[in-house]
Amino acid sequence: MRIGILTGGGDCPGLNAVIRAIVRTCDARYGSSVVGFQDGWRGLLENRRMQLCNDDRNDRLLAKGGTMLGTAHVHPDKLRAGLHQIKQTLDDNGIDVLIPIGGEGTLTAAHWLSQEDVPVVGVPKTIDNDIDCTDVTFGHDTALTVATEAIDRLHSTAESHQRVMLVEVMGRHAGWIALSSGLASGAHMTLIPEQPFDVEEVCCLVKRRFQRGDSHFICVVAEGAKPVPGSITLRQGGMDEFGHERFTGVAAQLGAEVEKRINKDVRVTVLGHVQRGGTPTAFDRVLATRFGVNAADASHAGEYGQMVSLRGQDIGRVPLEDAVRQLKLVPESRYDDAAAFFG
């Protein structure tokens, strides 16, 4: 058997660990070969590929961040228009099964391909942890660790200067990074996309802390956080070519409004892409490895149209159709639990 793999969408700590595990399992357990398509779906459309071998170079991938195959965003319309070319590329390279590793967009494309009779096994990847039907995705723990460490460091400087600090973290639709890093770092408030915020409530919480003699205030803000209607009007950034909203810096805009209303020194830190770069944590290396092994097993078992998934302590498989039906968002009850620590 000959397996094809690609990494799609944004990069993520643990991608190389998945690649390593697939290559090693296919070679050692099944005697199968693996071809990697470069730069995600673009490489599949353009037939740019490389042979992946179970050698010393493959072994060194475990702790390396990013993806050695490269990745890119490709518009779904371009994929649909290129269906014939995709099938031709797979046929020309003798690919029996394709393993796309990616987030919502990549897995949605994988599901579409499976409906077009392409043998596919999906591997979920996102630092946002918003893929449904899996308890967690690799990359999330690393991003959470980076965010928590950054907020830990901001506590001491905020306390020294009696400042209000707003920390913007990733999370377009789901606030898992913000919620967990806020709890782990002892932040005084967390704002997530699932729960619209009122700027006046933010200001009241800040004032209450300083009035009782506390020295500083840390608020974690997910990049996709939105105000309740009538609270504050954010600048509109329009949509990108994929139909995703362009963010215009919610933390900076909120910070300016808070500073104006309470006359306190407010500073904003945007963590940005540092959250998804660098060496994956031990948890992400292990999870990514287990996903890779299971994806290789599923491919050789003929279990196509599936996504590997973590449920409890076990790795299993779920239909791609179920996994891409909706995003996994933060439940209101989880936010309520965190809110007990606000202030």
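The backbone N, Cα and C atoms fix where each Cβ goes, and this holds for glycine too.
Swiss-Prot lists Gly103, Glu104, Gly105, Thr106 as binding ATP, and of Gly10, Gly14, Gly186 the one it places in that same site is Gly10. Asp128 (substrate binding site) sits 13 Å from Gly105 (ATP binding site), taking the CA atoms of both as reference points.
Rounded to the nearest whole angstrom, the C-alpha distance between Thr126 (substrate binding site) and Thr106 (ATP binding site) is 11. Between the CA atoms of Gly103 (ATP binding site) and Arg172 (substrate binding site) there is a gap of 13 Å, rounded to the nearest whole number. For the binding-site residues listed here (Met170, Val274), the lowest count of other CB atoms within 10 A around the CB belongs to Val274. Put simply, of the binding-site residues Gly10, Glu104, Gly105, Thr106, the one whose Cα is nearest the Cα of Met170 (substrate binding site) is Gly10. Closest by Cα distance to Gly10 (ATP binding site), from the binding-site residues Arg172, Arg267, Val274, Arg276, is Arg276.
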